[in-house]
Amino acid sequence: MTSEPEFQQAYDEIVSSVEDSKIFEKFPQYKKVLPIVSVPERIIQFRVTWENDNGEQEVAQGYRVQFNSAKGPYKGGLRFHPSVNLSILKFLGFEQIFKNALTGLDMGGGKGGLCVDLKGKSDNEIRRICYAFMRELSRHIGKDTDVPAGDIGVGGREIGYLFGAYRSYKNSWEGVLTGKGLNWGGSLIRPEATGFGLVYYTQAMIDYATNGKESFEGKRVTISGSGNVAQYAALKVIELGGIVVSLSDSKGCIISETGITSEQIHDIASAKIRFKSLEEIVDEYSTFSESKMKYVAGARPWTHVSNVDIALPCATQNEVSGDEAKALVASGVKFVAEGANMGSTPEAISVFETARSTATNAKDAVWFGPPKAANLGGVAVSGLEMAQNSQKVTWTAERVDQELKKIMINCFNDCIQAAQEYSTEKNTNTLPSLVKGANIASFVMVADAMLDQGDVF
């Protein structure tokens, strides 16, 4: 695995969590699972050719890594990006196995994509690319086999083209993709799911750490990002009585000591569709004219906020460094939960985990919610979309939201139980590690299914 650094990193994280626990001592048979679960059940590589707008033929490499189906049909996104390669897709597919297991829904893990740059390509050419990609992929997927979703480069438009291609090639309308349009099989609450789910998970953390005495009410929350996840997380925090003191984009961040309002977040959402930066939005929109809003160019919010209780990184990977983590701890942060995948660097996670493991009581601890658990709301609602498709029904927004909340709370409880049951930590006065809890809980779920079905013997 040395030539696959991304995959190796994901594998090592799971291994270190389960090895640094009592699990192999209690259940030696689980040791046999590691070498088996680390090898994909199937890797499909295929040629994708299409005609560009100049009438010339182009070719790219397509992939689908069908990693593990012990818990259900393979489930994971399709990525159309020039960085797509087998190591990255194996890393993402491997992570997906365990994230999907934590939802409690019947979903295995997989990932796929195409090594292509869609920038500058017309709608027509993108449609031809999607049809060419699905021409081969359609042989290997199905509602009970493999149900892909979107990812980087594959949004609602591309999902539409891919679904249309599948329907055309197979002469079958079935829930073979998630993230579909609402009037052709999609689910309500899908755009909100990751942000809402993140807040529900964080609420469960607060509830547990304070024995139900505290909630988001009055808490100061620093959020990074201003896309889908950040917007809906911020709106849910405000709904629950929290104060959102920051948002950011790739060019800088906005800080508001008195709190960003839901009206301002709606303005940011509508402006972001037109690709406006936060700097432009703060200058141009009347909702920001009288508010005490500070824009900091070229910065992330972590070192510019003070007296914060909760941090929710929702922008991109490695956006919280070790030094920024120390700044957050110094500013009083007690809860950190990741809306972005790998939002914190290993150094930052070490800072948070050290602040937790060395605390003399739960009140002084800093608690870190890992992305594997904290941001699984998106894939959870994808699973609920599959359930609705299988019944040929559409649930109300209230029902989907209720199911999402239940999934996030159950996931949190599973992480806590695994951390407590299998922990080797000496300090029992502090809070348990949710990083280890998420890794161990998800590993046990997948391992049990593989052992029961004879994948491991």
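Every residue gets a Cβ built from N, Cα and C, even glycine.
So that you can see what the record holds, here are the features copied from Swiss-Prot:
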type: ACT_SITE; residues: Lys111; note: active site
type: BINDING; residues: 175-204; note: NAD(+) binding site
type: CROSSLNK; residues: Lys326; note: ubiquitin cross-link
type: CROSSLNK; residues: Lys372; note: ubiquitin cross-link
type: CROSSLNK; residues: Lys436; note: ubiquitin cross-link
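This view paints the features noted in Swiss-Prot onto the structure.
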| residue | record | Cβ within 10 Å |
| --- | --- | --- |
| Lys111 | active site | 30 |
| Gly175 | NAD(+) binding site | 21 |
| Gly179 | NAD(+) binding site | 26 |
| Ser187 | NAD(+) binding site | 24 |
| Gly195 | NAD(+) binding site | 28 |
| Val199 | NAD(+) binding site | 28 |
| Gln203 | NAD(+) binding site | 23 |
| Lys326 | ubiquitin cross-link | 17 |
| Lys372 | ubiquitin cross-link | 28 |
| Lys436 | ubiquitin cross-link | 23 |
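Counting in whole angstrom, Asn183 (NAD(+) binding site) lies 30 from Lys372 (ubiquitin cross-link) by their C-alpha atoms. In the three-state DSSP classification, Asn183 (NAD(+) binding site) falls within a helix. Cβ neighbour count within 10 Å across all protein chains ranks Pro191 highest among the binding-site residues Asn183, Pro191. The Cα atom of Gly195 (NAD(+) binding site) lies nearest to that of Lys372, taking the recorded positions Lys111, Lys326, Lys372, Lys436 as the candidates. Cα of Lys111 (active site) to Cα of Gly179 (NAD(+) binding site): a distance of 15 Å. For Pro191 (NAD(+) binding site), the spatially nearest entry among the recorded sites Lys326, Lys372, Lys436 is Lys372, judged by CA separation. Lys372 (ubiquitin cross-link) and Gly175 (NAD(+) binding site) have their C-alpha atoms 25 Å apart, to the nearest angstrom.
Comparing Gly179 (NAD(+) binding site) with Lys436 (ubiquitin cross-link), their Cα atoms are 30 Å apart once rounded. Across the fold, the C-alpha of Gln203 (NAD(+) binding site) and the C-alpha of Lys436 (ubiquitin cross-link) stand 19 Å from each other.
Pro191 (NAD(+) binding site) carries neither a helix nor a strand DSSP state and counts as coil.
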